[in-house]
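Student: Could you have a look at this structure, given as C-alpha cells, before my questions?
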Amino acid sequence: MSGGKYVDSEGHLYTVPIREQGNIYKPNNKAMADEVSEKQQVYDAHTKEIDLVNRDPKHLNDDVVKIDFEDVIAEPEGTHSFDGIWKASFTTFTVTKYWFYRLLSALFGIPMALIWGIYFAILSFLHIWAVVPCIKSFLIEIQCISRVYSIYVHTFCDPLFEAIGKVFSNIRINMQKEI
C-alpha cells in the first residue's frame, strides 16, 4: 500500500492508504489520487489546525465560566469602600484568577486532557462496538415478538373491542333542560 489522498466535505485533501492496483470500485485509484494531489494542498487526517485566539469557537463555556469581578463582588448603593481598596480588590481578583487558572492548567491540563481523551476514546469504542450492535440486535429480535403480538391483538383484542363498541353504539342520551 502507498499513501494516497481523499477530499472531505470542506474541500480539504487528506492522506489515506491507496492500493497500487486499484479495486473494483475505483480501478484507476492510484492515477486518480495523483491527479488530485497535484491540484490541492494535503492535510493529515489526524491533525487539525487549532485557533490560539478563539479557544471556544462553539461557545461551550459562555454562561458558566465567564465570571468577572462584578459578577462575584458588588457593593450596593450607600455602602462603598474606599476607591483605592475597590481598585486593589479588582486587580487582586482579576490577576489571581488569571494566574491561578494558568498555574492549574499548566499542572493539570495535560493529565486531564489525557484522561478525557482516554475516556472519550473508551466511550466512542463502546458506542461503536457495543451499544449500536446491541440496539440493532434488539431491534432484529423484537421484530418477531412484535409480529406475534400483532397477531394476538388482531385475533383476540380487535373482535372483543369491536363487539363492545357495537353494544355501546346504540346507547342514546337525551339531555333536556327543565325550566
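Residue positions begin at 1 at the first shown residue.
Cβ coordinates are placed from backbone N, Cα and C, and glycine is handled just like the others.
According to Swiss-Prot, the protein has these features:
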TOPO_DOM  2-105  topological domain 'Cytoplasmic'
REGION    83-95  region 'Interaction with CAVIN3'
TOPO_DOM  127-179  topological domain 'Cytoplasmic'
REGION    132-143  region 'Interacts with SPRY1, SPRY2, SPRY3 and SPRY4'
LIPID     CYS134  S-palmitoyl cysteine
LIPID     CYS144  S-palmitoyl cysteine
REGION    150-161  region 'Interacts with SPRY1, SPRY2, and SPRY4'
LIPID     CYS157  S-palmitoyl cysteine
REGION    168-179  region 'Interacts with SPRY1, SPRY2, SPRY3 and SPRY4'
Student: How many helix, strand and coil residues does the region 'Interacts with SPRY1, SPRY2, and SPRY4' (150-161) contain under DSSP?
Tutor: 12 helix, 0 strand, 0 coil
Student: Between CYS144 (S-palmitoyl cysteine) and CYS134 (S-palmitoyl cysteine), what is the CA-CA distance rounded to a whole number of Å?
Tutor: 16
Student: Long-range neighbours only, meaning 6 or more apart in sequence with Cβ under 8 Å: which ones does CYS134 (S-palmitoyl cysteine) have?
Tutor: none
Student: How many neighbouring Cβ atoms, not counting its own, are there within 10 Å of the Cβ of CYS144 (S-palmitoyl cysteine)?
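Tutor: Counting Cβ neighbours of CYS144 (S-palmitoyl cysteine) within 10 Å gives 9.
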Student: How does the model score the topological domain 'Cytoplasmic' (127-179) in terms of mean pLDDT?
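Tutor: Across the residues of the topological domain 'Cytoplasmic' (127-179) the model's pLDDT averages 92 on the 0 to 100 scale.
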Student: Take the Cβ of CYS157 (S-palmitoyl cysteine) and count every other Cβ within 10 Å, whichever protein chain it belongs to.
Tutor: 10
